[in-house]
Amino acid sequence: MQGCKSKCRVAALVTISIWIGLAALYDLVKPISNGCIMTYMYPQYIPIASPANISSSKYGLYLYHEGWKKIDFNERLKKINGVPVLFIPGNGGSYKQVRSLAAESNRAYQGGPLERTFYQEASLNLKEGRVEIDTAGFGLPNQYISMLDWFAVDLEGEHSAMDGRILEEHTEYVVYAIHRILDQYKDSHDARAREGASVSGNLPKSVILVGHSMGGFVARAAIVHPHLRKSSVETVLTLSSPHQSPPVALQPSLGQYYARVNQEWRKGYEVQTSRTGRYVSDPPLSRIVVVSISGGIHDYQVRTKLESLAGIVPPSHGFLISSTAMKNVWLSMEHQVILWCNQLVVQVSHTLLSLMDPETGQPFYDTQKRLAVFTKMLHSAIPQSFNWFRQSLLPQQATPDSIKDGKEVTGSHWHTVSACPSNVHWTNDGLERDLYIQTTTVTVLAMDGRRRWLDIEKLGSNGQRHFILVTNLAPCSGIRLHLWPEKGKSATDLPGSKGILEVTQKMMHIPSGPAPRQIEPGSQTEQAPPSAVFLLAAGDMRGFRFLTISVAPSPAVSGKPPPAASMAVGQFFSPKDGELEFSPKLLLLSAHSPKDVTLNEDHPLALNMSFTISSGLLPVKLSVKTTGCGIKKSALPIEEAGDVEQSRLCKLRCFPPVALAWDATSGLHIFPNLYSEIIVVDSSPALWSSTRGSEKTSILLLVFLLLYYSEIAGFSIAVVFFALMRQAHAWELDSPIPSMLSAVESNLRFPLPFLFLVITPLFIASFISFLTSQSFPPFVSFFLVSIVCYLFANGSIILLILAFQLVFYVAAVIHVFIKTRWQLSEENFCFVFLHWFFNLSSVFLSFKVVRVLRAQLLQVTALVAITLVCFVHPALGLFILLLYHALSCHITLSCHAQSKELFDSRNEGYEMAEQFVRRHSDGSNQHPMLDESCSSTPDSTRSFGETQLEMFHHQHGLLMLHFLATLMFVPSLVAWLQRMGMSQSFPWFVDSALCIGVIFHGICDSKPEFNFFLFPFLGIPGLEVKLSFAYLLAGYYSYLSALALAPYQAFYAMAAIGFISLAFRIIQRQYRKKGEAYFRTRKHSHRQ
């Protein structure tokens, strides 16, 4: 019964793992509609020659030129006088990917700044030390001063995300390219001066770096490179770049290089002090501004969590923004699309052009001014927080007494209260009679030229309610809003000490879908989607009595009024009334069938929906259906006015809903025209570094695998370590060694093994967070998703085990069949040829050199593998180790299959099995481990076969562990093969050292009786440290490394076991020479 349960458990786990993998693959290959517009250009690439004393034949540097006419490259280089921008491509990228950004930058410079709107702009309020920096009054330029000269480095399309050595070489060349660009401006300036041409402007002192994918990290690595000139880079913009850790965190040297660069950046923002604590100098990176732009949920290659600058760049010098929250973009896009998506490229181009100081023509020297430009140009005014309803959107609380001449006075600080400019001002005389609203909800159905008065004390419940307005009318030109201390017709009607505060420019722009097409002039169409949201918190209205909404009169169109497509809806509401919290039970049930939530007609305009479960598996599909819209009677017969007609009338009268979603990593996501949409935000609720705010978000199944694949990789190694622990423990207890499949299944049994191996590391991680004062991740999500990842890792390992077992069993059966059956048909031509081939092989194997090599197979394997690891590539050395394990598995399993066949036939018994081994080895020591295993004298043929099976199980476990280790170096091997024929360098020392430790583990522990650690701990009799305990610690370490998104650190555990194994083999040999036993051996029941 227990065997049936275990088989069912394994089958269920494998089935679920396969289903998750297939579902993720389907999500990956299905097309995605991102809404991006293609960017077009006429590119030309001008090579920048290197000085004669510098060899740069491997990489290249180019200047981009936009235009279809052929030009003289040398003359173009002489005329460069703009601001240099260097584009760094990412993993496998091309320098030609600069074309979209460069072409749009050229168009933006010629066309001038974007058309100004009067929506609220995002402001930057930072506190640096004790000084509060307010950039609210900092304006954007009315015209562009300098153009951008775009350069790009040609990195030969190398895969920098797979190998640390390549990443370091790219960094070194980018440092050279920065210096070469600055020198080129000086050379061009001198050339123009020699020719007598006009020379104007200042030479650039710094280069703006724009990096895509790994190019963004290369840009940051170049800044902390010791050879980079001081102040040669001050601004960095990255597009879908991983900053926290490598996207493929498998190679140890790559992970260490990342950690070293990030540590340099953390130190770079620290004030330099002496040993006594005295101030020495400003932080080395105090002038560096970094902005990271992520592609959002559709970027499957680099997740937003990796693109965050948290813990690397302080908020006073940079920020992360998702493309879904970028002003004028509002789209999520794939990893490569972010380079040509016109909406994003245009906004980035105008942002970079806005960085120029009108006085110098170069980027602002002041760090906060540059950061303010990025904030105003990229951020929308909508707060990046779930608690925005409770936040005051005004700079400070304004009261009538603090306002004078349109300005707010608070102590020694003056904050300009933005009013509509005079060129778009329409006077009060243009307004018709006033309307006095008596209900908490106000609706504007057309541009009627009226002013609506709302009593704040009456409708706002004496300052207890907030006010929200959603409209498709443009601020200033279509609608204006004012706060009044008392009723009047204009500001001149009130005493001078009591002013009117205009809050029109507090309207926040939101994306709107395409306006509905007008069927005929004057016809009633669907409402145009809302383009702005306006929010006043209760504190913002304190001290004022009235709020007025003034709507401009509608202009005449061909003698007829325009269609009633203009609309505004406002409401006083309490945030608590709009809070909806969905229970875990409701969400789980809704996965089977949709659940309806019916709202009353007077429901709050702003609904704050919280999802209390976020396992990283459940996306939320939100479908909004209009059922009333205030239309209680449609004036149509019941049989004619069905649901379709009612829905049509509702769409004519109601705004399409807009969803605002937030996540703790990338902030704001906006979904316009929401009638049926899957709400997905890029969250990471189960990562060790996650904050509690991330537990109320959900992600797709594919994103689950892509976000947590580093955890799954580390968990897979932990699963194999735990299985090896089970095997070593069985050997230490003088019990048969279980198979890898049985060991993995045993570790999944509930409660003891599962709780001990799966839950305990999670509590250890929480305890470490407590000791290091880190924020605790969401408890439920962290545990739940970690367990799901661990189970998926178990399912993947089981599939791998079954695949290897199938291959080995098939090979063993074929081997035994050929060795035992070919003599029966020697007259057959095929078998005669096979006999001739075996005889020829025996002659070759009888050579002395071959016999010596076969006698020392372990030593030869170790020598060849270590040589390849140190001088060629670590993966090749690990491949040699895998071949050794595979050969050992094949020989032991073949012995087992042969002995089992002989035992079943009961004809020749153990002698025939021994004869098979002699014939297989052909009188030579083909495999030392096999000879020692088969040379024992068991009591029966069955004990001999079981011994060989145990040897196979042991070798199979080592094969699985080292196969995973080899897979972790495969990406680096692919990148190395791509560079074949170019200048090669030796592998990094850390990679070679760790792989040598792995090889020692495979060689020194190739036999189960080689179990080291069977020695008294600290000399205490009876207290022994065993190999099973070492595997347990290694599994825990791999588990915690996976939680930290650093699966490459599992190599440290493998190498540590390998080096300790080598040390104990040496100690063992020394004690054998003395005739002593340093550790006790196992008295196996199959060895007598």
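Even glycines carry a Cβ here, placed using N, Cα and C.
These figures come from a predicted structure and were not determined experimentally.
Residues or ranges marked as domain 'GPI inositol-deacylase PGAP1-like alpha/beta' by TrEMBL: 80-354.
Feature annotation from TrEMBL assigns transmembrane segment to 699-724 (among others).
For 750-772 (among others), the entry in TrEMBL reads transmembrane segment. Within the chain, the transmembrane segment (750-772) has long-range Cβ neighbours (under 8 A, six or more residues past its boundaries) at 688, 722, 782-783, 786-787, 790, 1035-1036, 1039-1040, 1043.
Among the features that TrEMBL reports, transmembrane segment is placed at 784-817 (among others).
TrEMBL lists 829-850 (among others) with the feature transmembrane segment.
According to TrEMBL, the transmembrane segment annotation covers 862-884 (among others).
What TrEMBL records for 958-979 (among others) is transmembrane segment. Residues 157-164, 166, 248, 250-251, 254, 713, 716-717, 720-721, 723-724, 740, 797, 800-801, 804, 873-876, 878-879, 881-882, 885-886, 889, 991, 995, 998, 1001-1002, 1005-1006, 1047-1048, 1051, 1054 of the same chain lie 6+ residues outside the transmembrane segment (958-979) yet bring a C-beta within less than 8 angstroms of a C-beta in it.
Sequence-distant contacts of the transmembrane segment (985-1003) (same chain, at least 6 residues past either end, Cβ-Cβ under 8 Å): 164-165, 251-253, 256, 858, 861-862, 865-866, 869-874, 877-878, 881, 884-885, 958, 962, 965, 969, 1051-1052, 1054-1059, 1061-1062. The transmembrane segment annotation in TrEMBL covers 985-1003 (among others).
Among the features that TrEMBL reports, transmembrane segment is placed at 1010-1033 (among others).
Counting residues 6+ beyond its ends, the transmembrane segment (1039-1064) has Cβ neighbours under 8 Å at 244-245, 249-252, 254-255, 687-689, 710-715, 717-718, 721, 761-762, 764-765, 768, 786, 789, 961, 965, 968, 993-1002, 1004-1005, 1010, 1012-1013, 1015, 1030-1031, 1033 in the same chain. The annotation transmembrane segment is assigned in TrEMBL to 1039-1064 (among others).
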Which residues of the chain, 6 or more past the ends of the transmembrane segment (862-884), have a CB below 8 A from one of its CBs?
959, 962-963, 965-966, 969-970, 972-973, 976, 986-987, 991-992, 994-996, 998-1000, 1002-1003, 1006
Looking at the domain 'GPI inositol-deacylase PGAP1-like alpha/beta' (80-354) alone, can you tell me the average pLDDT?
88
